[in-house]
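A.B. asks: Handing you a structure now.
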């Protein structure tokens, strides 16, 4: 991989996008960015607050603006929010402006990785499994639609997955 193309990580919450993204950026000597973190920095509030005050629609508008800005950067690894693919504009920008890696995982792994995380507004419910299954049905086809590569993250450490991605990129 001679030139440093942007790498965009997509996938459901709990797939490991942020953790894997940090390792990947380190290995490739690239900058790591997380769209949710940038939204929080720009609003001065956490994602839960944005959801509470502006609703999901307000959050998605902010997310769209952030993804537009960040995908114009050069040489970055970007961890996107799980729902970012709901926007056609986001899907188009991610596809056109870099390499999209879909981090795939099971509902069981998502539940295990997110069960104590209070910063996930969509999971603040009595039945998170039902929510995750519904989100998977809606979003998994969208991740697949834009993915240049797909990597399962279930039973591997973040470092191992990052190494796999580096290898895939070197071979292409």
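Numbers run from 1 along the shown chain.
Placed from the backbone N, Cα and C atoms, the Cβ positions cover glycine too.
Sharing the feature lines straight out of Swiss-Prot:
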BINDING   14, 15, 16, 17, 18, 19, 120, 156  ATP binding site
BINDING   18  Mg(2+) binding site
BINDING   36, 60, 82, 139  substrate binding site
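Can you tell me where each of these features sits in the structure?
C.D. replies: All protein chains included, residue 17 (ATP binding site) registers 29 other Cβ atoms within 10 Å of its own Cβ.
There are 16 other Cβ atoms within 10 Å of the Cβ belonging to residue 18 (ATP binding site).
Every protein chain considered, the tally of other Cβ atoms within 10 Å of the Cβ of residue 60 (substrate binding site) stands at 17.
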A.B. asks: Note down the number of other Cβ atoms within 10 Å of the Cβ of residue 16 (ATP binding site), including every protein chain shown.
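C.D. replies: Its Cβ has 25 other Cβ atoms within 10 Å.
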A.B. asks: To the nearest whole angstrom, what is the C-alpha distance linking residue 17 (ATP binding site) and residue 36 (substrate binding site)?
C.D. replies: 11
A.B. asks: In the same chain, outside 36, 60, 82, 139, whose C-beta lies within 8 angstroms of the Cβ mean position for the substrate site?
C.D. replies: 13, 63, 80, 81, 83, 84, 85, 86
A.B. asks: In terms of DSSP three-state secondary structure, what is the assignment for residue 36 (substrate binding site)?
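C.D. replies: DSSP assigns residue 36 (substrate binding site) to helix.
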A.B. asks: State the three-class DSSP label for residue 15 (ATP binding site), counting H, G and I as helix, E and B as strand, and everything else as coil.
C.D. replies: coil
